[in-house]
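Participant: Have a look at the structure that comes next, please.
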Amino acid sequence: MQHHTHHCAVALNICSLDLVKYLFLRAVRNNNNNNNFLRCAIIRPPRDGGIRYRGLTQEQIRSVQILPEDYEIEYICRGSRIIVGPKVRKCLRNGTWTDMNQLSRCLLVCPRSWMSLENGRVALQPPGQPVEGTVLRYSCHAGFLLEGFSISHCTKLGKWDSPKPLCVCEYVYDLTVNHTNTNKKLYIGALFPMSGGWPGGQACLPAAQMALDLVNNRTDILPDYELELIHYDSMCDPGEATKLLYDLLYTEPIKIVLMPGCSSVSTLVAEAARMWNLIVFSYGSSSPALSNRQRFPTFFRTHPSATLHNPTRVRLFQKWGWTKIATIQQTTEVFTSTLDDLEERVKEAGIEISVRQSFLTDPAVAVKNLKRQDARIIVGLFYETEARKVFCEVFKEKLYGKKYVWFLIGWYADNWFKIKDPAINCTVENMTEAVEGHVTTEIVMLNPETVRGASNLTSQEFLAQLMSRLGGKNPEETGGFQEAPLAYDAVWALALALNKTVAPLRAKGWTLEDFNYNNKEITAEIYRALNTSSFEGVSGHVVFDAQGSRMAWTLIEQLQGGSYKKIGYYDSTKGNLSWYGNDKWIGLGPPADQTKVIEEFRYLSQKLFVSVSVFAGLGILLGIVCLSFNIYNSSIRYIQNSQPYLNNMTAVGCVLALAAVFPLGIDGLHIHRSQFPVVCQVVVLMLCDCVSLTNDYGLVISPQHLEPWKLYVTVAVLLAIDVLSLLIWQIMDPLHITVEKFTKEAPKEDLDVLIQPLLEHCSSEKMNTWLGVVYGYKGLLLLLGIFLAYETKSISTEKINDHRAVGMAIYNVAVLCMITAPVTMILSSQQDASFAFASLAIIFSVYITLVVLFVPKIRRLITRGEWQSEQQDTLKTGSSNNNDEEKSRQLERENRELQKIIQEKEERVTELRNQLAERQALRSRRRPSVQNQNQNHSVPSSQAEPPSYSPATDKRSLPPSFSNSSNLYQGEGKLSRNNCHNSRLPLLYK
């Protein structure tokens, strides 16, 4: 009940809260004194009125749900309406209000001037105020005759439904009776919308009256009859039309045909008219729903169905290459059914309706949704008044300009957007800017050819007479001016059809004036006559299809510079488009139907690819050099003690890893997309094999010498596992190309396009699972290699002299793999960073491996000069091992050479002793005394050594073959015999 009081328009006197307390205390006290006491609930106010609660404020009314005994309420009405019925009600002791059996209503008062009649009498029923439902009955005094309707009803609009009659003197009437028309009248009940959503009656009513005047003046059309139009203003409102239809049907005279205007009213009238056997002929209804003979069996119209616009729209969409459109409609049956038909047609044409918005009264939200969903080609279906609201919102949302095209209905007034409307807050300049460039499709309503039709008027002559009847009104400001030819031809079509029925009815014994609402035969004859109608009218050739709809051409216009320009015609029956080629656009041409998205693949930077490829190529060259060096020097003992076969496999793995850099950088820029998965498989296989090859050294490192065939078997097993795992991967879940989409980017230029970056990847359905298997398997290999390298770091053996370098290489590969694998997965969407990180990791690991393993060997052999000596030593060692006899002969030769050298030395020593003896003899002869002294202290000659003797001198004289050899025996007897010490001679053998 609080909602009822909230909607009441009341005039309240300000009162203190004490009054409310007093009323309720009184109610409580009375309730204690009388248990039968009931309080009164708040009641609903009359329509278009409210209730005045005496002594209560608005806030207090909201908190009150019941009122005490003797409390009075007063009804008040809005505007000029008055209360009919009890105006004041009082709460009774039994909990009810007084006079509840009498209804209180707020009604408009009809003009009181109709309640008096000169020379006559007026009977008012019921007595009282002339409000809705009041009936006036007119009669004249003796000697006067009534001219006009004898009964007039007051409508809810506060108007009488018929003009005020006159009482005319009988003498004057007799003088003019011979000059008046004695034809029998046929009445047409018409509803012309003079206001509302489509005020088409402003021009259509004068056009229909023009046609009636011409028809009634023609002696060859309905010569015995006169057509008269009884019309009301429907305001294009179905609710109002319902009341007016009731008045038309239940007040005399009988109407032979009904002529409604706008579609919503025509739908109501045509559906009800079948019950009264009435033909309904509309001049301004375009709803496709009316083309339904089961629902509207007696309906005809000179206005073509709104669906006739749709083939034209579809043809224009195809002409301008649009495949995506949007729609916005007013929620009425005519526009809903039109849009349903459009949706079917565009679907057949391969065009998509991407956005479909509707509104009842306020289009703000619908327009915002169009903007948010990037609608470009927009079809608008709404009446003229709503069109102004829509385009005011369009201006606010900037949904106009070179990116947008609006398609509107063409039957608005030419200056509809310039008319000041209090319902919008946009200026004329705003509206003009927003509507510029829109396209309208309009049924051809005025014959473009100079042809005189059934009315003997050309279309231009009709327009001239219509302008004269309008009294100089601006056609652009007159509602329904474009539909006026249809209303004109509707009267002519009806008159010609009625004229055609006269003879068939006369043959059956009927006349048109015999028509009543129960006579189906006359209705059937009129229906047949209309169904076969065909004549030239001011709107063109008038003919109806099986559904009673007019068939016509479609005019295509475009608003250019504030005025409409014809740009073509379309004949939907033949599919023929007549194009003038004068369409203009704000941009360079028709806009795109959506923001054009240009797909652009992201490719690897070629500068980066070339730079990395150069380093990879140099690394491959280095690997080949190292491999060649190792193979060439494989017979040298130092190389043999570094497991050369393992080093060779490592070099091959490094070369494969560097070779994988090249396919790793190949993308769609270099090869076709169909070949991309093959390249991905090659990359995966090469990387897996190179890991296996480079890690084999760590897996097979051992203090014992490893036979080559065992190494090859180990490598073959590991490679077989790689190939088998990749083969299973490709069979169960083959690699294929996938495209990753990134956020759209706007170009720097002012273009209506967006760039859609794309990046190609090699992927499979369970890519992460397979990568996990491969990473896990290779990770275990790396961990095992690291473990073995760590365990053998302290081993000191001549057969493995580079195990520490191998450990460093394995550590390097493991660390880079553990870093590179997750980082490349994270950077997969950044092609340059991902390639740079992965390729540089491969290059660095390969370079480090090659440098650690091979550079120390090359340096040792070069700097220590071990190439020839090691070769000779290895040659001798190899020959002695292979042939003991050859070794023995070699030792004998060396012994003979040694003896020869010893003999030469002994002879030299003897010679030196002789010279020493001669010198001593000479000195003794000169100084006998000194000689004697010297002889007493001198060493025996057999034990003295010449002063010039030096072991180094003797060592230099030895052949080179003895410098590093070992003595197999020592000639102790001979050496002692010649007084030679063992340390004075170099050892030949150790």
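Residue 1 is the first one shown; counting continues down the chain.
Backbone N, Cα and C define each Cβ position, glycine as well.
Summarising the annotation, TrEMBL assigns compositional bias 'Polar residues' to 869-882, 929-945. Marked as compositional bias 'Basic and acidic residues' by TrEMBL: 884-894. Per TrEMBL, compositional bias 'Low complexity' is recorded for 958-968. The disulfide bond annotation in TrEMBL covers C140-C167. Annotation comment: TrEMBL describes 108-169 as domain 'Sushi'. Feature annotation from TrEMBL assigns domain 'G-protein coupled receptors family 3 profile' to 706-877. Marked as region 'Disordered' by TrEMBL: 869-894, 917-990. What TrEMBL records for 608-633, 645-664, 676-699, 711-732, 769-790, 810-829, 835-855 is transmembrane segment.
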Participant: Run through the domain 'Sushi' (108-169) and tell me, per DSSP, how many residues are helix, strand and coil.
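Facilitator: DSSP classes over the domain 'Sushi' (108-169) add up to 4 helix, 27 strand, 31 coil.
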Participant: So what pLDDT does the domain 'Sushi' (108-169) average out to?
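Facilitator: For the domain 'Sushi' (108-169), the model's average pLDDT rounds to 85.
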Participant: I'd like the Cβ neighbour count for C167 (disulfide bond), meaning other Cβ atoms within 10 Å of its Cβ, all protein chains included.
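Facilitator: Other Cβ atoms found within 10 Å: 19.
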Participant: Over all shown protein chains, what is the count of other CB atoms within 10 A of the CB belonging to C140 (disulfide bond)?
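Facilitator: A count of 21.
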Participant: Do any residues of this chain, six or more beyond the ends of the transmembrane segment (608-633), have a C-beta under 8 angstroms from a C-beta of it, and if so which?
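Facilitator: Cβ under 8 Å, 6 or more out: 639, 644, 647-648, 651-652, 654-655, 658-659, 661-662, 665, 832, 835-836, 839-840, 842-843, 846-847, 850, 853-854, 857-858, 861, 867.
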Participant: How many helix, strand and coil residues does the compositional bias 'Basic and acidic residues' (884-894) contain under DSSP?
Facilitator: 11 helix, 0 strand, 0 coil
